[in-house]
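Listed features, source TrEMBL:
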ACT_SITE  102  active site, proton acceptor
BINDING   6, 7, 8, 9, 10, 11, 12, 13, 125  ATP binding site
BINDING   93, 100, 101, 102, 103, 181  substrate binding site
BINDING   122  K(+) binding site
Ligand SMILES: Nc1ncnc2c1ncn2[C@@H]1O[C@H](COP(=O)(O)OP(=O)(O)OP(=O)(O)O)[C@@H](O)[C@H]1O
Ligand SMILES: CC(C)(CO)[C@@H](O)C(=O)NCCC(=O)O
Ligand SMILES: [K+]
């Protein structure tokens, strides 16, 4: 069994796969290193032989997590590293090392699945879009605040925007103009995300006509899907790229 980890800015997504056929045997989302060790440690019949990780956290945090996993489960965890080119995709940043590894692996995974021009839109803590042309050239992309950051900025910098998580969830049963603060904020932020997605698709159309595949990923992708029904939701797109960047055998 192999442990796979996607360490985002707010959450760690993890899963355990079989080495032989990549079948997923367990997985989850946690918000701390300790919760990760506890969740994995609680699995019955665990036989980890290795691990691979993508991290957008600092070098120190990433190294500390690898050490913790070595200590807890006696495994070496490979960390995906930036490269100029892989699997037919060429990194489009002026300095390839600066491109977020989650974005790079998402682009690799998408190009592998589409084998054609693709637009990857990832709605996590940050919202990001990346463009890969049909010849594998990564053209670059965009980064904006995602849903959690937009929400918390509004809460932090206004005095009268306050509401709890349960009412936030209820507010998203519709996107009609809000008749309460929670509805106005939650729906407004979702419309921002949808507008972001639509604008990226317009750009892709200008570049490639109708000849491209749209991938949606990240925890908040479902909030946007109704606005772009032609997109494929691939929640594990970063893991597809991770397997390509860190083959274990
Ligand atoms: N089971 C879940 N646990 C945590 N967050 C979830 C879950 N399902 C959906 N979400 C939503 O996903 C969002 C976080 O997305 P994601 O986990 O992709 O972020 P991240 O990887 O930490 O961020 P980034 O990729 O920008 O660094 C949150 O806004 C949250 O509302
Ligand atoms: C944009 C985030 C924070 C999204 O997780 C991550 O991809 C990152 O830290 N990127 C580095 C900056 C960049 O991609 O230009
Ligand atoms: K992420």
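The backbone N, Cα and C atoms fix where each Cβ goes, and this holds for glycine too.
Automatic, uncurated: that is what TrEMBL annotation is.
Each residue in 29, 56, 124 lies on the same chain as 6, 7, 8, 9, 10, 11, 12, 13, 125 and has a C-beta within 8 Å of the C-beta centroid of that ATP site, without being one of the site residues. Taking a Cβ distance under 6 Å to any atom of ligand 2 as the criterion, the recorded positions 10, 100, 102 reduce to 100, 102. Taking the Cα of residue 6 (ATP binding site) as the reference point, the closest of the recorded positions 100, 101, 102, 122, 181 is 102. The recorded positions listed here (93, 100, 102) include no residue with a Cα within 10 A of the Cα of residue 12 (ATP binding site). Proximity of the binding-site residues 12, 101, 125 to ligand 3, judged by a Cβ distance under 6 angstroms to any of its atoms, singles out none of them.
The Cβ of residue 12 (ATP binding site) has 21 neighbouring Cβ atoms from other residues within 10 Å, across all protein chains displayed. In this structure, residue 103 (substrate binding site) is part of a helix by DSSP. Of the recorded residues, residue 8 (ATP binding site) and residue 103 (substrate binding site) place their C-alpha atoms 11 Å from one another. With residue 181 (substrate binding site) as the anchor, the candidate recorded positions are 10, 102, 122, 125, and the one with the nearest CA is 125. Nothing from the binding-site residues 10, 122, 125 places its Cα within 10 Å of the Cα belonging to residue 100 (substrate binding site).
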